[in-house]
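K.L.:
Sharing the record's features from TrEMBL:
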- Glu141: active site (ACT_SITE)
- Cys98, His140, His144: Fe cation binding site (BINDING)
Amino acid sequence: MLYPIHVYGSPVLHKTSAEVKIFDSKLATLAEDMFETCEVAPGVGLAAPQIGLDLAMFVWMYDGPEHTGPKRGVAINPSLLIEPVDVLEPTVSDEEGCLSFPGYQYGLRRSPRAVLHAQDEKGKWYDLEATGWFARILQHEYDHLKGRIYVDRLTGKPAHQVEKVMKREKWNVPGIVWMPGEDELYEASAEELAHLDEMSKYFADIKDEPQQPDKGASFGLSK
C-alpha cells in the first residue's frame, strides 16, 4: 500500500514524534508499506511523519558503492549518536533532498559517522554504526522524528532561498500531500487525516480521554 507524502507545513512534520508502543502484525505491515512508498517515490529513506503518522519510526533503503551495512532496515524509537560536524562550507557532495520538500536540493554538512540504537518492527533492540552517505541518511531521517526537516538547518543565502521556494510553491500550510507515482500535489481530506490520527494513537497506545458531561445539561429532562 502506498501512502501520500506530506509536504513542509503539515503539523506532523514539525513536532517530536510519539513513542511506538504497540508491536504487532499491523506494525510489520506498516513497515512494508513504508518500504514500498519509499521505493516508488523514489527515496533512500522515509520517516513516519512524512506519511502523516505521529510515530518515532523510519525506514531506509540504500545500496551505495561504499555501503557494507544492511541495505534496508526499520528504526523505531531510535536514538542517534554522531561525531562533531566540521564548520566547512558544504560542497556538491553534501547536497540533500527530501520527499517532503520535493524538487529541490541544498548542501548541508553532516557528521561522517553515526551510531544508531533502535528497535526493529518486532521490538528487538539493535545497534548499528554508519559512515559516509549512510550516516547522512540516518541523520536526515532521525531529524524528521524531532520535528526538523533538513532545510530547517540551513543558514544564510540557502535559508533565504528556501523561504522564497515555500512562498512560490505555496507550501508551509497544513495538509498538502503528493502520491508517489503520480507526483501531483493535492490537499488531504479531513477523513484521510483523521484516519492517520487514529493509526498514530493505536501504535502509540494513546487512548482518547472520555468526554466529561456538561454539568449544566439536563440529559433530556424537561422542566
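Cβ atoms here come from the backbone N, Cα and C positions, even for glycine.
On a predicted model such as this, the values are computed, not experimentally measured, just so you know.
If you look at the structure here, what lies around each of the features I listed?
P.N.:
Sequence-distant neighbours of Glu141 (active site) (same chain, six or more apart, CB under 8 Å from its CB) are Gly45, Leu46, Ala47, Phe58, Trp60, Ala75, listed in sequence order.
The Cβ of His144 (Fe cation binding site) has Leu13, Ser17, Ala47, Pro49, Gln50, Phe58, Ser100 as same-chain neighbours under 8 Å, each 6 or more residues away in sequence.
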K.L.:
Note the Cβ centroid of Cys98, His140, His144, the recorded Fe cation site, then list each other residue of that chain whose Cβ lies within 8 Å of it, in sequence.
P.N.:
Gly45, Ala47, Gln50, Glu96, Leu99, Ser100, Glu141, Asp143, Ile149, Tyr150
